[in-house]
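Feature list (source: TrEMBL):
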TRANSMEM  B:6-25  transmembrane segment
TRANSMEM  B:58-81  transmembrane segment
TRANSMEM  B:93-115  transmembrane segment
TRANSMEM  B:130-150  transmembrane segment
TRANSMEM  B:179-200  transmembrane segment
TRANSMEM  B:212-236  transmembrane segment
TRANSMEM  B:248-271  transmembrane segment
Amino acid sequence: MTGVRGAALTGHRRPAVGLAAGDRRRTWPWRRAALAMTVVAAAGLPFVLPPYRLFQVTLVLVYAVALLGLDLVVGHSGQISLGHGAFFGVGAYVAAVMIGRLGLPYPVTLPAAALVTYGLGWAAGLPALRLRGLYLAVVTFSVAVVLPPLLKRFPEVTGGAMGMPVATPRGAGLDDDQWIYFLVLATAAVAVAGIRNLTRSRGGRALTAIRQHPAAAEVLGMQAASHLTRAFAWSAMYAGVAGALHTWTTGFVAPDTFTLSLSITLLAGAVIGGLATPAGPLLGALVVTAVPAAARELNPAAPGLVSGLLIVAVVYAAPTGLAGLLRRAAAAVAARLPAGRRA
Amino acid sequence: MFGQQLLEGLGAGAGYAALALALVLTYRFTGIVNFAQGELAMLATYVAWQLVVSGMPYWVALPVTVALAFAAGVLTERLVIRRLESGAGEVTLVVTTIGLYVLVNALATLVWTAALRAFPSPFPDSPPGLAALAAAGVAGAVLGALALVVRRTGLGLVMRAVAADARSARLSGVRVGRVLALGWGAAAAVGALSGVLLAPTLFLEPSMMTGVLVYAFAAATLGGFDSALGAVAGGLAVGVTETLAGTYLGFVGADLKIAVPLVIVVAVLLLRPQGLFGSAPVERA
């Protein structure tokens with residue numbers, strides 16, 4: 001066994017491709033150990049945390065799924081979406097209507113929400129992404145503003161402005177909140193694996209090429225519009241799945257949860273967490289769940305003030321977001337460790 | 001009835017046209033879609049309200065507000081946008097304007113609270129149709145003045161040079177930075193006018209311009225994002241369409257009027273992406 005095939009089988013790193021090409025930063029040395037520790041911690045968490053804290057952790061995971069999808073648009077494709085709050089809301093309402101009105105079992109709602117939001121993402125992306133530049137942001141901004149009045153317009157289906165309660169999933173042998181946590185955790189794990197595959201696929205590498213050099217990508221035969229539209233549809237689907245999970249977690253939907261400010265919050269999370277980084281979505285989800293809640297206790301206007309300042313500060317001071325900051329800190333520590341041992 | 005609706009549509013459309021014009025100005029000069037444009041206009045409208053409430057006559061408060069908005073636009077360009085310009089991508093710039101959007105909105109809520117406030121109308125005694133017509137007249141006059149400056153003065157020549165090709169303009173000795181700041185200032189001033197025109201019907205509150213921004217995007221897309229004339233024509237068209245659809249289409253009603261601009265944007269992008277008055281982009285690598 002020789003050559004590249006042999007190297008791949010014996011566990012050498014694959015040749016750098018796409019985003020990783022030219023990346024000479026030190027990687028974390030104990031990859032598998034860290035992964036195993038994360039899995040153990042994630043599995044043990046629901047048995048240690050009190051229910052309310054567990055609920056918050058579940059919500060962080062829900063937002064992380066949405067941010068994974070948003071990162072595909074903003075981080076990998078270099079486009080702006082201000083409509084992911086709307087896709088999130090559509091997913092949430094699809095799940096709520098299926099469970100609450102049609103009496104369907106909850107596992108069906110996840111693929112249904114995914115399908116509907118994939119289609120909507122396609123429909124919004126198709127006109128907007130035929131042209132370069134700003135139109136995706138404009139269209140998605142309008143979508144985000146239109147969704148809440150649209151939901152209120154059909155009260156017999158959606159419950160109107162008051163929203164509607166929905167039965168949350170129940171699992172045998174576990175408390176409800178623990179069961180939901182595991183459902184969300186499993187979905188999030190599948191979502192992470194899906195994004196990894198997507199970004200390393202032919203289409204994912206095409207996105208990188210289109211973002212970094214549109215003209216060169218076109219010369220190489222990549223159709224920017226179709227690649228970007230497909231990526232946007234996937235990304236909307238992630239938001240929709242997150243929305244369905246949100247309904248499972250909170251057991252309640254209302255139009256005013258899914259306003260423009262949710263879309264802005266998600267975009268802020270993606271930017272603050274760090275664009276096109278593996279840890280970015282999780283860090284971003286942590287920030288957007290924790291920071292506004294903490295700020296609201298000071299003043300009702302404070303969450304907006306803090307989020308706005310955070311966005312501008314990150315753009316100026318840390319364009320790679322929190323993930324970039326952490327990576328730099330870790331690299332600095334790792335560079336000092338061997339020196340310390342030698343001394 | 002129909003004529004009344006038409007006039008009301010024109011009045012609303014004048015406000016949308018002014019904000020669309022502000023968006024187009026910023027876009028022409030800096031290539032940025034400024035998502036904070038509506039919020040800057042909202043802030044200016046609050047300033048105007050504060051001035052009128054504290055006793056200043058309306059027709060004095062208006063120019064003072066527009067001048068303050070101009071200064072705020074110049075400052076925004078100088079302090080925030082210019083620092084990013086070197087090497088920042090489109091994503092970074094748009095995200096920054098969204099950060100500004102959130103920041104300005106929160107600031108207004110902090111200072112003036114989220115309560116609805118009545119804004120004085122410039123023509124309190126006239127019937128609503130006439131006031132709408134006057135609003136449309138104001139928008140038209142502003143466009144005319146702007147067109148005169150851009151077409152007939154030396155300053156206008158310099159502005160057109162920068163909008164056409166900033167690098168060539170710089171090489172011919174134009175102070176491009178100043179012109180860009182001027183463009184942002186002009187955009188903020190026109191935007192302030194939009195806020196003041198619309199505030200009597202919309203009522204003053206921190207999120208009053210969010211819906212208007214959607215209409216203004218539709219207007220700019222319909223008219224062509226690089227055409228000032230198109231922005232004004234698009235604004236009036238969007239205002240009339242939206243008012244008529246709200247009245248005569250039972251399904252749309254007052255609640256779903258906000259969906260009209262979305263439909264317009266999607267239809268324009270599918271049928272005539274460069275807009276009615278815009279120029280189709282010629283791409284060159």
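The backbone N, Cα and C atoms fix where each Cβ goes, and this holds for glycine too.
It should be emphasised that the depicted structure is a prediction, and the values quoted were computed from it without experimental measurement.
When each of the listed stretches B:130-150, B:179-200, B:248-271 is scored by C-beta pairs under 8 angstroms to the transmembrane segment (B:58-81), B:179-200 comes out highest. Same-chain residues lying 6+ beyond the ends of the transmembrane segment (B:130-150) with a Cβ under 8 Å from its Cβ atoms: 7-8, 10-15, 17-18, 21, 121-123, 156, 159-160, 186, 190, 193, 197, 200, 228-229, 232, 235-236. Nonlocal intrachain contacts for the transmembrane segment (B:93-115), taken as residues 6+ away from its ends with a CB within less than 8 angstroms of a stretch CB, comprise 32-40, 42-43, 46, 76, 80-81, 84, 205-207. For the transmembrane segment (B:6-25), the most Cβ-contacting stretch among B:179-200, B:212-236, B:248-271 is B:212-236 (pairs under 8 Å). The list of residues near the transmembrane segment (B:212-236) in space but at least 6 beyond its ends in sequence, with Cβ under 8 angstroms from a Cβ of it, reads 9-10, 12-25, 27-28, 35, 37-38, 41, 136, 139-140, 143, 146-147, 150, 194, 198, 202, 242, 258, 260-262, 264-265, 268-269, 274-279.
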